[in-house]
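Taken verbatim from TrEMBL:
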- A:1-23: region 'Disordered' (REGION)
- A:27-46: transmembrane segment (TRANSMEM)
- A:58-86: transmembrane segment (TRANSMEM)
- A:106-129: transmembrane segment (TRANSMEM)
- A:136-160: transmembrane segment (TRANSMEM)
- A:166-186: transmembrane segment (TRANSMEM)
- A:225-247: transmembrane segment (TRANSMEM)
- A:253-277: transmembrane segment (TRANSMEM)
- A:289-308: transmembrane segment (TRANSMEM)
- A:314-337: transmembrane segment (TRANSMEM)
Amino acid sequence: MSTTDTSVETPPPPPADGAPSRGWRPGSVEVLAAVLVLVVLFQVPISRAMSAPALQTWMTVFIAVVTQAMPFLVFGVVLSAVIAVFVPPSFFAKVLPSKPVLAVPVASAGGVVLPGCECASVPVAGALIRRGVTPAAALAFLLAAPALNPIVLTATAVAFPNNPEMVVARFLASLVVATVMGWLWLRLGRTDWMRPPARPSFEGEGRAAAFWGSVRHDTIHAGGYLVIGAMAAATLKAVVPAGWLQAVADNPVLSVIGLALLAVLLSICSEADAFVAASLSQFSLTSRLVFLVVGPMVDLKLFAMQAGTFGRSFAVRFAPATFGVAILVSVVVGVILF
Amino acid sequence: MVLLLVGGAILRASVTDLYLRYVKEGLRPFLIVAGLLLVAAAVTTLWYELRPRKVVPASGGAVPDGFVEAAEHADEHDGHGHSHDPKVAWLLVLPVFALLLVAPPALGSYAAGRSGTAIQEVSEFPPLPAGDPVRISVIDYATRAVYDDGKSLGDRKIKLSGFVLIGEDGAPYLARMVLSCCAADARPIKIGLAGAVPAGLAADSWLEVTGTYTDRTVKDVVNDGVIPYLDVTESHPIPAPHNQYEE
């Protein structure tokens, strides 16, 4: 986590066009060129150093998480740019109930229509807030979209052929958690916790320029944090022995907490987590439900992305609260349904 | 700049077979579209930057209450039209370098040895396809052997391919990683080798084995999962296949 902490806050940028008298400073292109030359020169020693099996596994998982998430991230970013540039704010005023208390559950249920994983929902939620949607409703959407969409529910059904109630349980628990978190934010949330989605103003530059500017800005921000999350997930997969899980599975309370933490650490895409949950067959159904509800709402990669999009003081409050509510609701749903 | 690199790397990995080491085959069209979009975003940014710009007064626009004051700080990195990428963006260079310069191999025996075998219970077993020997996937064999008690396997000759995994006891296993999404969720399927097993098998080398069902099983030390055995009659080394994962 310390890597996340140090890099979450973007340091205050140097005055962009101030102090030309300071002389030449290397820009991004120069630095990049230098690094490229160095890496190409030392490619053979670098490859050799990277050939230890643990390190190779680490790198394979790291690349896999980034590669898998990138299309969803890009589509989320494009969708959010479309919302930001082409959908007028009045559209959301019409679709969502004007009372925030009602807008929250409607937005949660609206998560059904975004067929992506959690990487897509962060930029989209940012764009919704910028478009004047109540933050509580946008946050409910942020939590609901990755878990409730048809692709994820189908994957869950395929992964649990003998327990179809898992799909129902996942749907219900995720919907309730998203709505409760939206209401909590309405009641307790303070706007100064949330740094607004920081972005330059593209007004007056034409729609095409605004669109591409938005895509570029969101990809670079969310993408950078995605890399941090991917590194953490790869470390867990390549370094922590799977045998530890067995010890945890035998205790009902520990197994719920253990799988909740595992969901946070693994940061698997919500479209794949059901298969991983299914393979954790030594755990109880309830603890696996916790895994499926927590994972798409709170994980390392999401935390880093939320901190990058909404600010760190938001993420340090929102993520733990979601974590607690998600565990509680899933256990209750699990006890009722299983 | 960073976008161009990321887009280029994704395109390069997806037009070659490189992407198969990390994600499923079905993701390819999405990867290509995403790569093209990233390159397009980079190119348009360059184009807008090289164009002479008119000065635009920043305006709050449609922001809800409480966001107006903060919006003044929002003009952080690229509000002046130069491509000052924020520092976190440079992290995106890491996967690009890892992908283009190191290109780590698909997960093999190291990852497989660390996780328990992951067969899932199935209740319906269609009859085996025709062929003698019949080629089936490692996961298909393991599932039929464990959950169908080998009934649908009978005494047919089975042909399997996978990589060699040396167990903690030094015994060789045939293994294959199963993906549902990407290598981060890869789970191993392991099969024990009985009968005519060649000596001196090296971990991670690929092997094609022919044999028949045997009811011998062993418990995976990692997760207590059941590992079925195959009574091997014939085996020979093969090159690693085009797609090293099973679905």
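Placed from the backbone N, Cα and C atoms, the Cβ positions cover glycine too.
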Residue numbers, six or more beyond the limits of the transmembrane segment (A:58-86), whose CB comes under 8 Å of its CB atoms: 50, 114, 116-117, 119-124, 126-128, 130-131, 202, 207, 210-212, 214-215, 218-219, 222-223, 226-227, 229-231, 233-235, 237-239, 267, 269, 272, 301
When counting Cβ pairs under 8 Å to the transmembrane segment (A:289-308), the leader among A:106-129, A:136-160, A:166-186, A:253-277, A:314-337: A:253-277
Remote residues contacting the transmembrane segment (A:166-186) - C-beta distance under 8 A, at least 6 residues beyond either end: 100-101, 104-105, 107-109, 111, 134-137, 139-141, 143-144, 147-148, 153, 156-157, 160, 285, 288-289, 292-293, 296-297, 318, 321-322, 325-326, 329-330, 333-334, 337-338
Long-range Cβ neighbours of the transmembrane segment (A:136-160) (under 8 Å; 6 or more residues past either end): 96, 100, 103-118, 120-122, 124-126, 128-129, 166-167, 170-171, 174-175, 177-179, 181-183, 185-186, 189, 270-272, 274-275, 277-278, 292-293, 296-297, 318, 322
